[in-house]
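**Q** So that we are looking at the same thing, I have put the structure below in structure tokens.
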Amino acid sequence: MKDSNRCCCGQFTNQHIPPLPSATPSKNEEESKQVETQPEKWSVAKHTQSYPTDSYGVLEFQGGGYSNKAMYIRVSYDTKPDSLLHLMVKDWQLELPKLLISVHGGLQNFEMQPKLKQVFGKGLIKAAMTTGAWIFTGGVSTGVISHVGDALKDHSSKSRGRVCAIGIAPWGIVENKEDLVGKDVTRVYQTMSNPLSKLSVLNNSHTHFILADNGTLGKYGAEVKLRRLLEKHISLQKINTRLGQGVPLVGLVVEGGPNVVSIVLEYLQEEPPIPVVICDGSGRASDILSFAHKYCEEGGIINESLREQLLVTIQKTFNYNKAQSHQLFAIIMECMKKKELVTVFRMGSEGQQDIEMAILTALLKGTNVSAPDQLSLALAWNRVDIARSQIFVFGPHWPPLGSLAPPTDSKATEKEKKPPMATTKGGRGKGKGKKKGKVKEEVEEETDPRKIELLNWVNALEQAMLDALVLDRVDFVKLLIENGVNMQHFLTIPRLEELYNTRLGPPNTLHLLVRDVKKSNLPPDYHISLIDIGLVLEYLMGGAYRCNYTRKNFRTLYNNLFGPKRPKALKLLGMEDDEPPAKGKKKKKKKKEEEIDIDVDDPAVSRFQYPFHELMVWAVLMKRQKMAVFLWQRGEESMAKALVACKLYKAMAHESSESDLVDDISQDLDNNSKDFGQLALELLDQSYKHDEQIAMKLLTYELKNWSNSTCLKLAVAAKHRDFIAHTCSQMLLTDMWMGRLRMRKNPGLKVIMGILLPPTILFLEFRTYDDFSYQTSKENEDGKEKEEENTDANADAGSRKGDEENEHKKQRSIPIGTKICEFYNAPIVKFWFYTISYLGYLLLFNYVILVRMDGWPSLQEWIVISYIVSLALEKIREILMSEPGKLSQKIKVWLQEYWNITDLVAISTFMIGAILRLQNQPYMGYGRVIYCVDIIFWYIRVLDIFGVNKYLGPYVMMIGKMMIDMLYFVVIMLVVLMSFGVARQAILHPEEKPSWKLARNIFYMPYWMIYGEVFADQIDLYAMEINPPCGENLYDEEGKRLPPCIPGAWLTPALMACYLLVANILLVNLLIAVFNNTFFEVKSISNQVWKFQRYQLIMTFHDRPVLPPPMIILSHIYIIIMRLSGRCRKKREGDQEERDRGLKLFLSDEELKRLHEFEEQCVQEHFREKEDEQQSSSDERIRVTSERVENMSMRLEEINERETFMKTSLQTVDLRLAQLEELSNRMVNALENLAGIDRSDLIQARSRASSECEATYLLRQSSINSADGYSLYRYHFNGEELLFEDTSLSTSPGTGVRKKTCSFRIKEEKDVKTHLVPECQNSLHLSLGTSTSATPDGSHLAVDDLKNAEESKLGPDIGISKEDDERQTDSKKEETISPSLNKTDVIHGQDKSDVQNTQLTVETTNIEGTISYPLEETKITRYFPDETINACKTMKSRSFVYSRGRKLVGGVNQDVEYSSITDQQLTTEWQCQVQKITRSHSTDIPYIVSEAAVQAEHKEQFADMQDEHHVAEAIPRIPRLSLTITDRNGMENLLSVKPDQTLGFPSLRSKSLHGHPRNVKSIQGKLDRSGHASSVSSLVIVSGMTAEEKKVKKEKASTETEC
């Protein structure tokens, strides 16, 4: 009955909020008045009112394993979706998703298979994490949402990042919702639900909740419309500004009811349609949809047999009648019309290992978009596996025609993204018009559709490449390169600038570097140009590095392409439009040729020769390490690229450490630098293993793209000691160090002998041109000349080893003049020549300052002065001939060397001293003192010479590092020294006057105390005897007044003790420890240090003139003459200048190509080896093994499950077979003792039962979702308990004749089995109403099945028990009918007295039976008698009314007495007496009925007759069912039972028996099969059984028949 105080909204009327006058519109007022005046149907729109939300903030979930927080808001059900999205993005700080997964399923709790749940959870989380998706759910902890919550909980406990899971739930069904009321509050929310409440708690694994309120309480539906609109609105948003794709939406269905099928249909009918993924095996709706998807053909057509099976499944699953099931079936078929949009995930099926692949594949296949759009989606999700398997299915080949048609918006996007190109074309045309005055012919427009489509595909691939680079998707860049993107065609100047100006991807410090280089504050939207990048590269590379972006030809091109104010721009850059030829003489010929070749209108002009070079530098400057490493592997000059990246990263790390940036940035950059340095070293090692000579060429060939440098120079610039210390580099340096000399032992001694005794030069060994591991430009020329002059000798000069004849041949082939020239040009000879000269200079300098100095310099002093002046000229030459272009940069680079600074100080000091020395006294004395100080610097300079020695070189570096350490120590020492010095001076000398001596006195004594001089006599002034005594008013022995004592003088010794403890013990030992650390640090890398210093030394002497100072002035004069006279020759040579005469090799294009190929092969082989090494590493093996073990364990679990199921099944079969044998034996024995049954009938019945059992088995096997089709049955058979399984009968709910049925009590066991135990004892009832009057040839038996909807799937139970403690426990379900026999029940022609006189007493054992039927096997089917399913059906001992001559007999006896009223009313057992009879006698059946039963029978008789009449009209006349046995007396028997017992038979059987008339014999056989015992005995119901009756065995009539 409806509660009058409760409103339709679900709340009590007194809980309603009165409407606010101000907030209520006039329309609502009128409506509210109308509601008051006249009643109308309640609706949300009319009877609810919106208010500003009063519930939003943060939830803190309690009651779980750990505390979670979630944002929440309560909104109206009709809130606009754009407002909600604005809230989510702005207030909740959520990033727009790249994918939206909407999960739908059952709201009621259900169990998922553990393995399926694990796969579902992992796949869902992986899909969300890898793509940056949002997950929409119902938000409450029931049904599918709880399974999603479990997956989220597992994920959040294992990783930091939480998946964005948004629960959209109705406000009215949320438990404890009153706790959430409050604006911008933090509320504690209890997740423990109240078992008595119909409301649900929110799931604590979600991150956000949107609670839709439509004014109702305890009702779902408020969120449905809001959720759909919000999903649609989000799907219209763009993934990001670069990708034109909207946010893709996919529906995920797990389990669910009929409403889920409707949701699927809505998704599929949306415009555009939304793909749906169905999780097969989760139950109910998802299983039905997946079944239909599997067997349905295109267009929603399904086979007729499968159609019937599907309808049966729908009826059984959802408890639907035929009309409802047909309606739902129609919806499913409508869904199947768009079968291509539905993806079914089946666990363990081929090709679908994970549900996340099913979700992402469904989006690509389901949405009918072009290949470029699919590529954009895969790129947005960062799922290269999806792109490779779904989009690039044709590999590098072109896709088929028609699959590429890009939508119009993508073309528009393409145009928008290339604004510079339009400018470029205009600029190019203008530039060319000025220069050449020609107009380029228009290219004909392409009309071939295939070519247009392929061009669009190429454009789409290039756009995807740009997006992949911007978004830092390394795998996608690799995939696109593998699938046909031409990087040389792709990379243009505008695109490269766009990459440098992107704000996406990892954070970088490029803007800070540009600001430092430009030395000005840049606006936030400053557009970085490539010229800016060139300046940054030069700044970071340092030294003489010159970037291509800052060279004149590139700047001219750049301004022609993009500069609207071209002449002004060129002028600002220090350039002019047309340079005169005279100025061009100073330019390199190569540069001039490049400028002549520039065709501004050529599309290839804005592209790059080596695109991977430019992209790798971009990746390094943008701090994209993975991308940089990938781009390094591609393209040419890998070794040079690695060294450039190493240097750039190191310089960026240095800049970061000096600025206010976080230390982590500097550390990361330093690590990246080490990574690239290691790559360069490994590549050098790989090359050296393959071919030593080519590896040396790699080190020395000119890198035209890297400032015409070499790999060795780049390694030195990057201070890559390991690279320089590599065997290959050292072999090269050794060859260079020795020049043309061939000396294996004691080279220094031989060279000194050659210098001091020039004739010995002729006895030294020399190498020919072909023995060199390197070729400089000058030696290249000399070698060519020698090839012309000495072809015979060069033919032999292939190796260093040979016999003596070849050696003599080689030596004779080198002229004496060449030997002398090569000897003095060798760096080792120059080194010793300079060293001897320097030592001579030092000796003379010592002599000059040690002897008396005259007014005019002596000869020795003039030699010293000339040496230093010539040395100063040499330093000037070094500066002028260094690589940098500008003089300021030359000086800056020169000063970066510490020894150059020492030379500068020493020369400058000496010059000042020399000028003062030439003056008169006292200035001459000052000059001499400056000489004396200056010689210190010249002695220090000797340390540089030690660098050539393997052992002394590292010590020089240690000294330099220790000096830096000591500077820090001096600062600390100064603090301690000052603290003691000032205190001591102030205490001991209180009356000092101001003077500079005070400053000296502060430091004087404390400083020397550090070294152990403690001035013992002055520690305590008055303790020593030497000091005079002091005191106030005291006199000495001579009577003189003693001086007063200094106050506080006693403090001095105490302060001194503390000072010495800190200074001498602590600080000095600290300094020693620091020095020790530095020593071991350098000692560990001493070999690399020495080799690195050796490079510097060799390069220094390689470039120096032959003669040492002061004779070097001759070399300078020679150089000037050669430069003035040799310009024409240099033009013929090419672009070689003096500064290029270093360790550099110039190769032809063909040689360069071969060298690049060799280098690329080495890179590939190196990475192949690393990959093999990684795969064979223990970590990788452990990982692979663990994966395999995990897979094996999962399979073993499956096998164990199957094995357990098979064992259970086999045990069941064994039990049933054993019972079958026993029951068969009992039946045979009983039937043999029962009169009236022919043996032939028995055999026929048994054979019939076995044949039909097979058909039933097949039907049961075809049942859908019959994973566990067994139920447990209990029989108490003479005190024995037998357990076996039965799948006998399936009943259909509500289709039989309505009769009073048995009532049951359901016992829920922990296992899947269901036991049904009868609550009350049942009465066998013969339904013989007036409407079904007996006919001469038949009888009618109508029985019904269960009535309750919950028990609609259950077959009836018939219990026959002796136990007295069984009682009726459920009075509501107990319905009994007292059987009665009317006059109409008696067959025509038979006397009523015959019935009463026929008595039969039957003795039987007590049988208690509990029958249950599998829930999953219920089918709605019409069974006919000849097709009756009899799969091991178990019925209790039945006795039916028997008649002779097809006449029904029955007897009623009202004279039975009960021992008590309780026995009369609550007797719960059948108690029968059996009297043995013979065929020759006939007895009457006394019908015993209690008064209560009679009254109950009279009350319900009329209704039953009406029901029977209603059924009889629809059923044709058939022979009345009876089991007949003829006896001699012609008497008939009737089974009569207690009236308070009702026997229910399945309505199926009632229908089948009514449907087709059969002869009596066949029906009897079927009933015998079904466990109905035929008896010719009179049954009399008595109130108890005696012990004697229990002993009766062979007279028993109870039989139970099984197949």
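Glycine is treated like the rest: Cβ placed from N, Cα and C.
According to Swiss-Prot, the coiled coil annotation covers 1182-1240. The feature compositional bias 'Basic residues' is assigned by Swiss-Prot to 427-438. Summarising the annotation, Swiss-Prot assigns compositional bias 'Basic and acidic residues' to 778-787, 798-808, 1352-1376. What Swiss-Prot lists as N-linked glycosylation site is Asn1076, and the listing cites sequence analysis. Here Swiss-Prot flags 16-47, 403-445, 573-596, 777-810, 1352-1380 as region 'Disordered'. According to Swiss-Prot, the feature topological domain 'Cytoplasmic' maps to 1-830, 919-928, 983-1054, 1127-1603. Feature annotation from Swiss-Prot assigns topological domain 'Extracellular' to 852-897, 950-961, 1076-1105. As annotated by Swiss-Prot, transmembrane segment applies to 831-851, 898-918, 929-949, 962-982, 1055-1075, 1106-1126, with the evidence given as sequence analysis.
Map the listed features onto the structure and describe their local environment.
**A** In the three-state DSSP scheme, Asn1076 (N-linked glycosylation site) is classed as helix.
Mean model confidence for the topological domain 'Cytoplasmic' (919-928) is a pLDDT of 88.
DSSP labels the residues of the topological domain 'Extracellular' (950-961) in these numbers: 10 helix, 0 strand, 2 coil.
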**Q** Kindly report the helix/strand/coil residue split of the topological domain 'Cytoplasmic' (919-928) according to DSSP, in that order.
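**A** Result for the topological domain 'Cytoplasmic' (919-928), in helix, strand, coil order: 6 helix, 0 strand, 4 coil.
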**Q** Can you name the far-off residues of the same chain, 6+ from the ends of the transmembrane segment (1106-1126), with a Cβ under 8 Å from a Cβ of it?
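**A** For the transmembrane segment (1106-1126), the nonlocal Cβ contacts are 824-825, 830, 833-834, 836-838, 841, 863, 866-871, 873-874, 877, 1138.
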**Q** What does DSSP give as the helix, strand and coil breakdown of the topological domain 'Extracellular' (852-897)?
**A** 30 helix, 0 strand, 16 coil
**Q** Name, in the order they occur in the sequence, the residues of the same chain whose CB lies under 8 A from the CB of Asn1076 (N-linked glycosylation site) and which sit 6 or more residues away.
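**A** Result: none.
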**Q** Counting only residues 6+ away from its ends, which parts of the chain sit with a Cβ under 8 Å from the topological domain 'Extracellular' (950-961)?
**A** 898, 943-944, 1078-1079, 1081-1083, 1086, 1089-1090, 1093-1094
**Q** Do any residues of this chain, six or more beyond the ends of the topological domain 'Extracellular' (1076-1105), have a C-beta under 8 angstroms from a C-beta of it, and if so which?
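**A** Residues 712, 716, 719, 721-722, 724-725, 729-730, 733, 736-737, 827-828, 830-831, 834, 874, 878, 881, 947-948, 950, 953-954, 956-958, 961-962, 965, 1112, 1115-1116, 1118-1119, 1141-1143 contact the topological domain 'Extracellular' (1076-1105) from elsewhere in the chain.
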**Q** For the topological domain 'Cytoplasmic' (919-928), could you work out the same-chain residues 6 or more beyond its ends whose Cβ comes under 8 Å from its Cβ atoms?
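**A** Distant contacts of the topological domain 'Cytoplasmic' (919-928): 849, 853, 855, 913.
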